[in-house]
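Look at Swiss-Prot and you will find ALA125, ALA126, ALA127, PRO128, GLY129, SER130, LYS131, GLU149, ASP176, ASP194 tagged as S-adenosyl-L-methionine binding site, backed by sequence analysis. Per Swiss-Prot, the feature active site, nucleophile maps to CYS247.
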Amino acid sequence: MAQHAVYFPDAFLTQMREAMPSTLSFDEFISACQRPLRRSIRINTLKISVADFLALIAPYGWSLTPIPWCHEGFWIERDDEEALPLGSTAEHLSGLFYIQEASSMLPVAALFADDNHPQRVMDMAAAPGSKTTQIAARMGNRGAILANEFSASRVKVLHANISRCGIANTALTHFDGRVFGAALPEMFDAILLDAPCSGEGVVRKDPDALKNWSPESNLDIAATQRELLDSAFHALRPGGTLVYSTCTLNRQENEAVCLWLKETYADAVEFLPLGDLFPDADRALTPEGFLHVFPQIYDCEGFFVARLRKMSSLPAMPAPGYKVGAFPFTSLKGREALNVTQAANAVGLLWDENLHLWQREKEVWLFPAEIESLIGKVRFSRLGIKLAESHNKGYRWQHEATIALACPTHAHAFELSVQEAEEWYRGRDIYPQTPPAADDVLVTFQHQPLGLAKRIGARIKNSYPRELVRDGKLFTGNS
């Protein structure tokens with residue numbers, strides 16, 4: 001594999017020599033950093049099993065190598081990448097997989113390391129959504145995830161990825177993560193803090209990642225990380241699990257931040273060793289039980305992961321000063337809720353007791369039940385999924401609800417051919433040889449829901465959102 005020129009500040013190299021264990025070769029570290037990063041994907045098990053996905057793509061000639069710490073993760077090699085980018089394949093568009101760097105699958109693997117089943121989880125720095133969607137898959141779309149993102153421009157991308165993957169159990173917020181310890185004390189069973197960092201581990205993806213690097217900036221970043229970790233630890237319930245991770249390599253932003261928490265709260269903090277997380281995990285194990293992944297160890301990005309348990313309650317932080325404002329939704333119950341549920345079921349949209357119906361004017365929404373106790377405590381950017389808009393003749397079902405809730409074996413399901421599916425993704429109406437009998441059609445491809453549409457005579461009217469429409473080649477092996 002060809003090498004590329006990476007910019008290394010001299011002070012960074014000195015710091016890495018000091019941080020790297022004697023069992024690792026510094027020359028191999030430099031060599032690994034200069035190799036392009038292997039591509040990797042994670043199969044979305046909310047939509048398809050690993051076995052069924054592998055069978056589906058078997059004719060494509062993709063070479064998949066299992067990632068040892070993630071059962072549904074694979075390194076991928078393709079011969080047709082230039083002709084058909086991975087992100088434009090039909091399987092990606094329908095949410096069957098997520099393009100995710102292998103190392104970044106580690107934090108969620110650690111969060112669920114003891115086969116725990118948290119009901120309320122926070123992803124404190126969630127965009128673009130790789131870890132939020134991975135958490136949702138591990139939870140089976142049940143319980144609730146509070147996915148927070150401080151950067152306003154990245155919240156939209158976060159929602160788009162959550163929607164594409166068919167996730168229904170998520171609430172989005174847009175806050176500085178330092179507010180949660182005070183705003184939501186001891187409200188979460190598990191928390192992932194994939195902290196903002198200096199990004200020293202990503203040079204294989206971005207050779208210029210260290211252009212603005214300095215030892216002083218590392219210390220400034222570590223100060224912010226301590227405040228975020230403190231907030232996360234206060235938001236965690238006693239007995240809960242917290243994973244702290246970064247994509248950087250220096251000790252100040254990694255081990256030192258975790259040790260600061262231990263020094264601050266003593267016996268309330270327990271480090272949970274990760275040496276048994278996967279075969280060969282001990283190659284990256286620190287004396288504290290953390291994983292400090294230098295890129296040459298597993299041929300991936302540099303990464304750091306620590307797993308903590310909160311052993312006892314902490315004194316509350318000062319109450320937050322912001323105002324939440326009036327909540328604009330009302331709960332739907334009784335006959336109203338039954339009418340919506342029956343109408344949705346009739347077109348193939350199904351949900352269970354984990355989701356509750358709420359209304360705002362003509363909009364009907366589904367909120368995860370586990371998030372309802374947080375209403376009034378924080379302001380949400382988006383909560384649950386928008387199910388429908390009501391009008392005089394019934395309901396206009398929303399695309400994100402179809403992707404998350406539709407049953408592909410429903411009587412109104414209509415499976416498209418490859419050519420018809422390409423037309424659908426391009427935003428064009430479908431003219432099938434044998435039109436469906438029903439007026440309301442659940443359009444599917446590869447037995448995955450693509451949308452709800454109306455049959456008008458012999459034509460299926462395209463309902464694919466305009467902002468998602470694609471051009472060009474979309475299907476492997478189909479010219």
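Glycine is treated like the rest: Cβ placed from N, Cα and C.
The shown structure was predicted, so the numbers you read here are calculated from the model rather than taken from an experiment.
Feature annotations (Swiss-Prot) mapped to structure.
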| residue | record | Cβ within 10 Å |
| --- | --- | --- |
| ALA125 | S-adenosyl-L-methionine binding site | 21 |
| ALA127 | S-adenosyl-L-methionine binding site | 23 |
| GLY129 | S-adenosyl-L-methionine binding site | 27 |
| LYS131 | S-adenosyl-L-methionine binding site | 26 |
| ASP176 | S-adenosyl-L-methionine binding site | 12 |
| CYS247 | active site, nucleophile | 24 |
Whole-Å Cα distance, CYS247 (active site, nucleophile) to ALA125 (S-adenosyl-L-methionine binding site), is 13
DSSP output for LYS131 (S-adenosyl-L-methionine binding site) maps to helix
